[in-house]
Structure formats: C-alpha cells, structure tokens
Amino acid sequence: MDAGLPARRRREMAAAISGAGRCRLSKVGAGRRPPPARVRVAVRLRPFVDGTAGENDTPCVRGLDSCSLEIANWRNHQETLKYQFDAFYGERSSQQDIYAGSVQPILRHLLEGQNASVLAYGPTGAGKTHTMLGSPEQPGVIPRALMDLLQLTREEGAEGRPWALSVTMSYLEIYQEKVLDLLEPSSGDLVIREDCRGNILIPGLTQKPITSFADFERHFLPASRNRTVGATRLNQRSSRSHAVLLVKVDQRERLAPFRQREGKLYLIDLAGSEDNRRTGNKGLRLKESGAINTSLFVLGKVVDALNQGLPRVPYRDSKLTRLLQDSLGGSAHSILIANIAPERRFYLDTVSALNFAARSKEVINRPFTNESLQLPVLAPVKLSQKELLGPSEAKRARGPEEEETESPELPIAPASASQKLSPLQKLSSMDPAMLERLLSLDRLLGSQGSQGTPLLSTPKRERMVLMKTVEEKDLEIERLKMKQKELEAKVLAQEAADPKEKENYSTTMLRPLARRTVTVAKPLKKAVVMPLQLIQEQAASPNAKIHILKKKGRKRKLESLDASQPEKAEDGWELQISPELLAHGRQKILDLLNEGSARDLRSLQRIGQKKAQLIVGWRELHGPFSQVEDLERVEGISGKQMESFLKANILGLAAGQGCGPS
C-alpha cells in the first residue's frame with residue numbers, strides 16, 4: 001500500500017497531517033453527541049430538629065411515593081398541593097440513598113468529556129450543607145463523589161488503558177458578590193470570564209492536583225474552615241456565602257490520534273434564603289442576607305427566562321448565575337437537590353422552594369463532549385540562502401570576495417527508496433480510522449492533480465517565483481534611473497538658457513522641502529457677520545467724521561475716526577450704521593417696551609416668556625422706561641444680557657430699515 005503512492009503525494013499528505021495544530025472537536029460526530037438533558041430535581045425532607053417539635057406539631061409536608069409529595073394549601077386548608085419530581089427522599093432517607101439515587105449516575109459523564117453539576121437549594125436551616133458535606137459518620141455528597149471519582153480515574157487511567165487521567169480541584173465562595181478563593185484566601189476578589197468557546201473560567205483560581213482521597217482531604221478540610229458562617233436566630237451555623245467545589249478531569253489518549261478530553265464537576269452548596277423579620281439580622285448579617293437573597297432572586301429569573309424562551313437570559317446580573325451558566329441552560333448534566341423542612345414555621349419557605357424546584361425541572365441543557373485533537377507538529381525545514389534565492393541571486397548577495405573563496409560543492413547522493421518512503425512508514429502504526437482519512441486525502445489530491453491543478457507549495461516553484469520578482473524589481477530600478485538622468489539633463493539645459501531663472505529655480509525647487517522658508521501673510525482680521533450693509537472704504541472728504549462700530553475687549557462702542565488721517569485708516573470692509581437709523585431703532589424698541597404686551601415683547605430677540613413677564617411687571621410697578629438702558633434695572637436681567645439684547649435688536653432693526661453708507 002505504501003509503495004503504490006507517488007513520493008510527492010506522500011510528502012504532501014504527511015505535511016498536511018503533521019502541520020495541523022490543535023483543532024477543536026467539541027462536536028465530534030453527530031452520533032456521539034448526547035441528546036438534550038433536562039435538569040433533574042430531587043427533594044429531600046429533613047426530620048424535625050431536636051427541641052423544635054412540639055407534642056402536637058405535625059409536619060406540613062407529606063411524601064406520597066418515591067417521586068411525589070403533598071403540602072397543605074394555605075389558601076384552602078381542606079386542600080393539598082401535590083408536586084412530582086424525579087426523586088423524593090423522606091426524613092428516614094440516608095445520605096447513601098440520596099447519593100446513590102441521584103448523584104452517582106452522573107459521574108460517568110465526566111469520563112466522556114462532559115460536564116456535570118450538583119446544586120443544593122433551600123431555605124436557611126433546611127439541611128443543604130449537611131446534604132453536601134455531611135459528618136464523619138454520615139459523609140455527604142462531596143466526599144462520596146470524590147471518593148468514587150478518584151476510584152474511576154485510577155481504573156480508567158491504569159497502565160495499559162488507552163487514556164491517561166488527571167484530577168484537579170478548586171474551591172471558592174461567593175460572599176457579598178465577591179468571588180473568593182478558599183484554597184488561597186489572600187487572592188482577593190476574582191473575576192469570572194468567558195472564553196471564545198463559551199466556557200466559563202476564573203483566571204487566578206487555585207488548582208490543586210489530587211490523586212487520592214487523602215490528597216483531597218488535605219486541601220479541602222482547611223479550605224472549608226475559611227468559608228464564612230454566622231449565627232442567626234434560626235440557624236446557629238448559617239452559611240453566609242455560596243460555596244462551589246470545582247473538580248476537573250483531564251484525559252489524554254496515549255496512542256494516535258492523541259485526543260484530549262476535559263470534564264468538569266460542580267458541587268455547589270447554596271446559601272439559604274432568609275426572612276430578616278424572623279432571623280433578626282442587623283448590620284453585617286443584614287447586608288449578607290441582602291446579597292444572598294438578591295443572587296437567589298436572579299437565579300429564579302434565569303430559570304424563568306429559560307422556561308419562557310426569552311432572548312436574553314440574565315446570567316450576568318449576579319456572580320452566582322454567571323458561574324452557573326453551564327449548569328442551567330448550558331452544557332452540563334445537572335442535579336438540583338431541594339432541601340425542605342417539615343416545621344410549620346417554615347411553611348412559606350417550603351412552598352417557595354418547591355415552586356422553584358418545579359420550575360427548574362423544565363430547564364433543558366445540551367451537553368456535549370469537550371474533546372480536542374493534538375497532532376504532532378514537525379519542525380519547520382530551514383533552507384539556506386542559496387536554496388531560497390537560487391545560484392545567481394546567491395552569488396550577487398555574497399559579493400566577489402566570498403565568491404572567490406567559496407569551496408566547490410560536493411555532489412549530493414540521491415535519496416534511497418526507503419528514505420523517500422519514511423514519512424509514510426510512520427502511518428503504519430496508526431489506527432484504521434486515521435488510515436482511512438489519509439487514503440481519502442490521497443484520493444482528493446489525486447483528483448486535483450488529474451485536473452491540472454498547479455502545486456505552488458514546492459520549493460522549486462517558490463524559488464522561481466521569487467527570482468522572477470527580483471528581476472522585475474531590477475528592471476523597475478533601471479527605468480527609474482534613466483528617468484532621473486533625463487530630468488537632470490532638462491534642468492541643466494534650463495539653467496544654461498536663463499541664469500535668472502536658474503537662480504530662482506535652484507533656491508526654490510532644488511532645495512530640500514524641509515529647509516524652505518515659508519512666508520506667512522499678515523493674518524486677516526476675523527469679521528463677525530452681522531445684519532449690516534458691507535461697503536468698501538472710499539476716499540473721504542477732509543474733516544469728515546465716520547461712525548464705525550468696532551469691537552474692543554468684551555464691549556462694543558461707537559468711536560469716531562477722523563477721515564483726514566489716511567495713515568490710520570486701513571483698506572478693507574467696514575461695518576457702518578447711520579446715527580438716524582440707530583436713534584430710530586432705539587425709539588421703536590423703547591415704545592415696544594413701554595406699550596407692548598408680553599406677547600409683543602416676545603417678538604424681540606433674546607426676550608422669552610420669563611423675561612417678558614418680568615418687563616411687564618416692572619413697568620406696572622415703576623412706570624414706563626425712560627431709555628432702553630433702563631432695562632438693566634429689571635430684576636433678572638444683567639448688564640451683559642442688556643448689551644446682548646441691544647446688539648441683537650437695534651442692529652436687526654437697522655438692517656430692516658435698509659440702512660446704507662453714511
């Protein structure tokens with residue numbers, strides 16, 4: 001089979017395989033993708049706590065069978081509300097029953113490169129921490145799951161098995177919307193990120209490798225003491241934070257094609273919702289309770305959004321829901337253990353927990369296998385300068401000295417047939433599936449070769465293209481040199497014909513641009529466009545007076561310019577207004593201020609509803625205005641506003657009267 005393939009085809013096929021890097025195969029094979037999985041919900045009813053049950057106290061919740069329960073209807077005491085879940089564990093159920101019935105079956109998914117999560121939900125004092133941690137006599141879900149998972153990894157990763165497995169653990173808490181590393185408490189608040197493939201990760205989170213249950217206990221027990229707990233009126237050891245234990249299982253295939261898998265297990269102990277009227281929380285405890293209730297409220301919003309199919313799911317509204325993005329509506333096999341209490345004083349909390357559990361079981365997750373393929377990458381072949389440029393270009397780059405001292409090249413012996421077939425001989429050890437892929441690739445290359453498709457990736461063809469490019473550049477340089485010589489000849493001819501032109505040309509054109517002196521004309525004055533007539537200044541008669549409107553500082557005033565002093569006058573355009581029209585405009589504005597109504601006053605520029613009312617009120621109290629400048633005496637109109645009013649209205653009126661040059 002190896003000898004039947006052309007040598008060039010085998011080299012290209014080997015390069016295509018060996019040159020491939022790490023490719024994502026998270027959706028490898030439609031048949032291997034698991035079907036959508038619904039969030040499984042189990043309800044655990046804890047027994048009465050010692051000292052809390054009275055003689056006539058009966059539980060408000062009663063189990064019907066292994067999957068259903070009923071609770072009294074608070075609206076109608078003669079009716080009961082029935083709930084059905086995937087599993088129901090009564091007060092006589094043990095830790096082993098809960099673990100074996102609901103948690104243990106999902107551990108196998110981790111060895112398939114899939115994610116799984118277990119959440120303990122319920123009100124404060126319902127037994128969530130006991131379900132997850134337990135006691136030395138009755139271990140909970142976390143120690144049992146780690147013990148079985150480590151045993152599975154030892155069996156699957158033993159010598160002679162196709163996969164090598166490794167397990168790491170991380171432990172964190174979400175306290176008042178801060179992500180804290182319990183393995184390294186000094187790390188501070190950590191951030192939650194999302195990579196390009198949609199995976200949730202926490203940069204800087206400590207990961208401890210574990211190979212046995214003793215390793216797990218050595219890291220987990222001290223970290224558990226770092227979790228924030230506090231005493232309330234309802235619970236002496238109330239968890240004040242959400243605790244998350246993250247266990248990663250990495251698998252590497254020992255033989256080709258060297259696949260890699262990663263499975264993550266989330267074990268989450270949620271803090272309980274609290275009624276501050278009953279817990280008596282104050283100060284710090286009240287702040288902690290607010291953060292807990294807020295995150296649990298957002299968790300309920302996420303569940304409702306997933307069930308209703310809303311376009312936006314509010315994962316980012318809380319650190320807890322952001323971290324649980326894989327568990328609810330994501331790619332994990334999820335188990336929700338709702339813990340409830342039998343006491344009647346917890347009735348409303350129990351109903352709320354059951355309603356949340358009933359909504360959660362409608363959430364659909366879509367698990368997939370986190371698998372990637374790692375192929376060996378060959379080192380790039382280093383080519384010499386002579387092989388890249390060719391013989392002629394290499395001689396030009398070396399120079400005459402190196403060319404004389406160069407030793408003659410020895411003839412290279414042709415490669416043997418076994419050396420030519422060496423890239424393909426490595427394929428004989430591969431599995432049949434990989435060999436089938438290689439054969440299909442060979443057939444594809446053969447079909448392209450039969451159609452005359454050029455193979456431009458060979459070193460000889462690349463060298464020829466490079467040499468052709470260099471030759472084209474050389475021709476372009478020669479053309480530019482010839483053009484430069486022609487231009488220089490023209491310049492010399494012009495210099496010989498006209499010495500004066502030569503001097504001007506040499507000082508302006510042949511001088512470098514960076515050294516040219518640029519003469520800047522005197523800047524023109526900035527003219528403000530006003531509704532006045534623009535005239536060009538004419539030669540005035542002696543001793544004539546011209547009134548010109550000029551700007552000096554922040555105020556405008558009329559100045560007299562003696563036209564008999566021509567050296568002080570500047571050529572240009574000036575703004576002029578007739579004194580008669582100015583007086584007429586002032587009188588018209590004064591009449592309008594004294595006789596006009598508020599509506600008439602609003603027709604003036606810079607006068608609005610408020611200022612018009614102020615003017616009318618001042619006129620009624622103090623009588624008519626004697627001059628336009630009295631407008632400044634009105635309360636609420638400053639001197640600057642009065643000047644702006646005069647400029648806007650008097651000049652506009654003058655323009656309307658058709659003022660001309662004086």
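Cβ from N, Cα, C; glycine included.
Annotation note: Thr124 (ATP binding site) sits in a coil segment as assigned by DSSP. Long-range Cβ neighbours of Thr124 (ATP binding site) (same chain, at least 6 residues apart, Cβ-Cβ under 8 Å): Thr232, Leu234, Asn235, Ser238, Ala271, Gly272, Ser273, Glu274, Thr279, Asp349. What Swiss-Prot lists as ATP binding site is Gly122, Pro123, Thr124, Gly125, Ala126, Gly127, Lys128, Thr129.
Look at Swiss-Prot and you will find Lys460 tagged as SUMO2 cross-link, backed by similarity to another entry.
Per Swiss-Prot, domain 'Kinesin motor' is recorded for 38-363, and the stated evidence type is sequence analysis.
Residues or ranges marked as phosphoserine in Swiss-Prot: Ser407 (among others).
Taken from Swiss-Prot, the feature phosphoserine covers Ser422 (among others).
Positions annotated as phosphoserine by Swiss-Prot, on the basis of similarity to another entry: Ser447 (among others).
Annotation comment: Swiss-Prot describes Ser541 (among others) as phosphoserine, evidence class similarity to another entry.
Summarising the annotation, Swiss-Prot assigns phosphoserine to Ser560 (among others) and lists similarity to another entry as the type of evidence.
Summarising the annotation, Swiss-Prot assigns phosphoserine to Ser578 (among others) and lists similarity to another entry as the type of evidence. Every protein chain shown contributes to the tally, and the Cβ of Ser578 (phosphoserine) ends up with 16 other Cβ atoms within 10 Å.
What Swiss-Prot records for 389-423 is region 'Disordered'.
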Mean per-residue pLDDT computed across the domain 'Kinesin motor' (38-363): 90
Which same-chain residues, if any, lie at least 6 apart from Gly122 (ATP binding site) yet have Cβ under 8 Å of it: Lys128, Leu270, Gly272, Ala338, Asn339, Ile340, Ala341, Asp349, Ala353
CB within-chain contacts under 8 A for Ala126 (ATP binding site), separation at least 6: Arg46, Gly272, Asn339, Ile340, Ala341, Phe346, Asp349, Ala353
Packing count at Lys128 (ATP binding site) (other Cβ atoms within 10 Å of its Cβ): 27
Packing count at Gly125 (ATP binding site) (other Cβ atoms within 10 Å of its Cβ): 24
Other same-chain residues whose Cβ falls within 8 Å of the Cβ centroid of Gly122, Pro123, Thr124, Gly125, Ala126, Gly127, Lys128, Thr129, the recorded ATP site, in sequence order: Arg46, Asn235, Gly272, Asn339, Ala341
